[in-house]
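Right, one structure below, let's go through it.
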Amino acid sequence: MATDPSPQIPVRANSRRSRSSNSIHPVDVETPPVRPPTPIVYREIKHFKKWIPWLIPAFAVANTVTFIVTMYVNDCPKNSVSCIADFLGRFSFQPFRENPLLGPSSSTLQKMGALDVNKVVHGHQGWRLITCNWLHGGVLHLLANMLSLLVIGIRLEREFGFILVGLLYVISGFGGSLMSALFLQSNISVGASGALFGLLGSMLSELITNWTIYANKVAMFVTLVVIIAVNLAVGILPHVDNFAHIGGFLTGFLLGFVFFIRPQFGWVSQRYAPPGHSVRPRPKFKKYQCILWAVSLILVIVGLTLGLVMLLRGVDANDHCSWCHYLSCVPTSRWRCNTNPTFCSSTQLGSQVNVTCSPSGKTTTYFLPGASNSQIQSLCSQQCR
């Protein structure tokens with residue numbers, strides 16, 4: 001008995017032959033056009049922009065040029081009996097006993113604008129509170145300060161710009177000079193250390209006021225505190241003006257809350273959000289930032305004004321703080337903290353010069369034909385060391 005064949009299932013296959021009129025085409029389906037993704041536009045946020053540092057390197061160059069001019073004015077071969085590195089000619093250094101930092105004499109530094117409290121108060125030379133920050137006692141002093149300036153200052157200028165960092169540097173230097181003049185009134189003072197400590201203090205206050213935007217905040221805080229503590233501890237050695245360090249640090253620490261305040265990220269996200277993107281409105285600064293800003297601004301204005309008035313009235317801050325002198329020098333069995341100025345009496349008989357150090361009473365005889373006053377002063381400085 002014949003049976004019906006099983007139904008045939010049609011099968012479609014893609015033909016490998018060349019396309020012809022009888023080739024099979026897919027069914028045309030209307031699909032919506034695919035929109036290309038919207039390109040992401042990156043805009044630089046002005047509150048976090050990076051600056052090209054140029055002012056801090058310019059400050060380093062200015063300090064170096066000032067030191068070269070100071071050594072030219074010093075002219076050791078003409079004004080001293082002996083010099084170090086004679087091959088440098090008039091740029092040679094004073095003897096080690098007079099200046100162990102490889103630099104000029106004290107009289108030259110005074111001539112160039114060193115901080116001399118007597119001349120500031122009685123000679124109406126207040127400009128010395130600024131000029132002393134651009135002078136250095138020697139090559140070693142200059143190198144140490146300029147290396148620190150470049151390391152600390154370039155980082156701050158890159159983050160906050162040359163205007164704020166430049167103002168902070170100058171004002172901190174003035175604050176350091178002011179505190180030095182109030183507590184150390186018998187010796188002259190030079191160096192950019194007060195301004196440098198101001199930059200260091202501002203790094204600490206900047207970390208505190210912008211605490212929420214940092215990731216490794218605790219590690220950074222501990223590192224900064226240790227660096228500051230070590231540098232201040234070095235200041236208790238003799239012949240180091242730690243009051244300038246402390247004054248500069250306090251001034252820079254307060255100014256850091258004023259100059260380096262940053263808006264919180266919530267406000268930045270809200271401000272730079274794309275159109276149509278709704279975010280919860282947030283204030284630009286947190287409450288603690290505003291409080292620190294106001295308090296610091298008041299303290300720095302009042303502190304600098306009060307200190308300047310006290311200085312111009314001839315106030316010696318040591319009379320009101322009997323222990324404060326230990327902040328600058330702690331006497332030990334290895335060194336003394338005598339800050340009395342060096343002065344000598346001299347008699348000259350022909351080529352024989354007798355120089356007597358008044359504080360110690362020690363007398364030394366030199367054979368120096370035609371000794372000048374500057375040469376006798378140089379001998380006095382060596383004699384009283």
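In case you wondered, yes, glycine gets a Cβ from its N, Cα and C as well.
Annotation source TrEMBL lists domain 'Peptidase S54 rhomboid' at 124-260.
Per TrEMBL, the feature region 'Disordered' maps to 1-31.
Sequence-distant contacts of the transmembrane segment (51-73), counting only residues of its own chain at least 6 positions beyond either end whose CB sits under 8 Å from a CB of the stretch, comprise 90-91, 93, 103-104, 108-109, 111-112, 134-136, 139, 142, 145-146, 149-150, 153-154, 156-162, 165-166, 169, 192. Marked as transmembrane segment by TrEMBL: 51-73 (among others).
Tertiary neighbourhood of the transmembrane segment (134-154): same-chain residues 53, 56-57, 59-60, 62-64, 66-67, 70, 93, 99-104, 109, 112-114, 165, 169, 190-193, 196, 199-200, 203, selected by CB-CB distance under 8 Å and a gap of 6+ residues from either end. The annotation transmembrane segment is assigned in TrEMBL to 134-154 (among others).
Sequence annotations record features per position, and here TrEMBL assigns transmembrane segment to 161-184 (among others).
The transmembrane segment annotation in TrEMBL covers 190-211 (among others).
If one looks beyond the transmembrane segment (218-237) by at least 6 residues along the same chain, the residues whose Cβ comes under 8 Å of a Cβ in the stretch are 197, 200-201, 203-204, 207-208, 245-246, 249, 326-330, 335. Summarising the annotation, TrEMBL assigns transmembrane segment to 218-237 (among others).
If one looks beyond the transmembrane segment (243-261) by at least 6 residues along the same chain, the residues whose Cβ comes under 8 Å of a Cβ in the stretch are 156, 159-160, 164, 167-168, 171-180, 182-184, 189, 191, 193-206, 208-210, 228, 231-232, 235, 285, 289, 292-293, 295-297, 299-300, 303-304, 327-328. Among the features that TrEMBL reports, transmembrane segment is placed at 243-261 (among others).
What TrEMBL records for 290-312 (among others) is transmembrane segment. The list of residues near the transmembrane segment (290-312) in space but at least 6 beyond its ends in sequence, with Cβ under 8 angstroms from a Cβ of it, reads 117, 120-121, 126, 171, 174-175, 178-179, 181-182, 205, 208-209, 250-251, 254-258, 261.
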